[in-house]
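As annotated by TrEMBL, transmembrane segment applies to A:24-44, A:56-81, A:102-127, A:133-158, A:179-203, A:223-246. Residues annotated as domain 'ABC transmembrane type-2' in TrEMBL: A:24-249.
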Amino acid sequence: MTALLSDTALIFGRYARQTLRSRFQILFGVLMPLLYLLFFGPLLTGLPLGGAGDSWQVLVPGLLLQLALFGALFAGFSVIVEKQLGVVERMRVTPVSRPALLLGRVLRDAALLVLQAVLLVLAALLMGLRAPLAGVVIGFAFVAVLTIALASLSYALALKVATPQEFGPTINAVSMPSMLLSGLMLPMALAPGWLDVLSHFVPFRYLVDAVRAGYVGDYAGTAMLYGVLMAVALTLISVTVGTRVFRKAGA
Amino acid sequence: MPIISTAGLARTFQTKNGPVEAVRGIDLTVRPGEIIGFLGPNGAGKTTTLRMLTTLLPPTGGAATVAGFDLEREPEAVRRKIGYVAQAGGVDPQISVREELVTQGRLYGLGRTAALDRAGELARDLGLVELLDRPCGALSGGQRRRLDIALGLIHRPKVLFLDEPTTGLDPGSRADLWDLIRSIRERHGTTVFLTTHYLDEADELSDRLIVVDRGVVVAEGTPSALKRAYAGSPDATLQDTFLAITGRGIAPGDATPVAV
């Protein structure tokens, strides 16, 4: 257990330093949601979005999870590069804990995406967002948890596929429908019945609804409950799958 | 007591076109302190065997012990005793030489101070002192290779596996690397198990050669014994010997002088 913790810290440190060396990497991820915030957000002010709170309280939670969704799902690309450099193999012949190779990486991703989420919320405050602090903090927690879950799956996939050409399209095939069907941009309250029903099969929908509830100060409702349950389930499954793949690959 | 011994070690890959027997049954023993040249034509099963012996690939048949531990049941104990330098090397070009060495030491369980000390010690032994603060990507081919070997030696392994250690190096760097490998064995008694495509390298460096073809060991012995047995004279070239053993060259294009 102590080996797992110290090895996780070691791997986290390696990749955190790698991230800190590249300011570009730190800021680039926040660019897409920031563009939505600046050029899409203002279109929504004044529209009836069918829920509590103003348009910023609806949009910003969606953008936060969009940030986590895309940032985490594409995290695996780094493993593909490292596979080609031989770094993955070199680490696998050492006695380092196999789960630590995964956990150190996903914790780095969670830290990076929460930092980007903070930057995004600061920008949103300038644009006119007003939300309770506890809700905002809950939003960051959801970003961290979603990142841990999706980055685990992304790394597992990256370890399994033979080429980057297989990885990119697979990730796109997951990320785009997930974004559209979970009501990240506009709440599913606006959707016709069939679309609303369909979106209930997309786990991210519950996470978005929970963060939106947090942003209007509703911490004890069913939206928050379902969001937390879904986030926990998603994380348990994803980390289990991820560690299994990392263990097996190191056999 | 051999430091490596295998019995019927085999690996079959399941592919779309049915099973492929990459390694059909390798029997070999290596004594402590030997330098073994592991040779074979492309596709003979060299790399697959090496990947099994270094715990990267689980065998589908047979058994092996490496450095006193069973490969299948105690892979983690094996990992603590062996160093492996892959062809690709495996360093991040952005990271400094010092950081890669220290991280490698810590991956093997050294504390921060011990890892720093060991990195400094290896840097002195392998001529990397001036390079410690450079990013790995800025090193020359020969320097990179010395770094790769330093990474493989960080935990003082009993066995060092080298996968085509001098591929891509200029003649001077190759000769330096041969000296380095010999001195590692001399000073620490490290067993060295290396694959190579260069017959002059095998001849020059190895105490004993093990030749594989089509997934099995087809010949083994000292270079001169093999030359006598297969090419009729201890003065024969290893190239002729190799052709006599396998019926084909070691690699396409090997009819031309090796390693220029």
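Any Cβ shown, glycine's included, is placed from N, Cα and C.
Here the structure is a predicted model, which means the values were calculated and not measured.
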Proximity of the transmembrane segment (A:133-158) to the transmembrane segment (A:24-44), 3+ C-beta pairs under 8 angstroms: no
Same-chain residues at least 6 beyond the ends of the transmembrane segment (A:102-127) whose Cβ lies under 8 Å from its Cβ atoms: 4, 7-16, 19, 25-27, 29-30, 33-34, 37-38, 41-42, 56, 60, 63-64, 67-68, 71-72, 75, 78-79, 136, 139-140, 143-144, 147-148, 151-152, 155-156, 239, 242-243, 246
Same-chain residues near the transmembrane segment (A:24-44), Cβ under 8 Å, at least 6 residues beyond its ends: 55-56, 58-60, 63-64, 66-67, 70-71, 112-113, 115-116, 119-120, 123-124, 127, 185-186
Surrounding residues of the transmembrane segment (A:179-203) on its own chain - C-beta under 8 Å, 6+ positions past either end: 36, 40, 44, 49-51, 58-59, 62-63, 65-66, 69-70, 209, 212, 230, 233-234
Chain residues in Cβ proximity to the transmembrane segment (A:223-246) (below 8 Å; excluding those fewer than six residues from its ends, i.e. six or more beyond): 98-99, 101-103, 106, 138, 142, 145-146, 148-150, 152-153, 155-156, 159-160, 203, 206-214
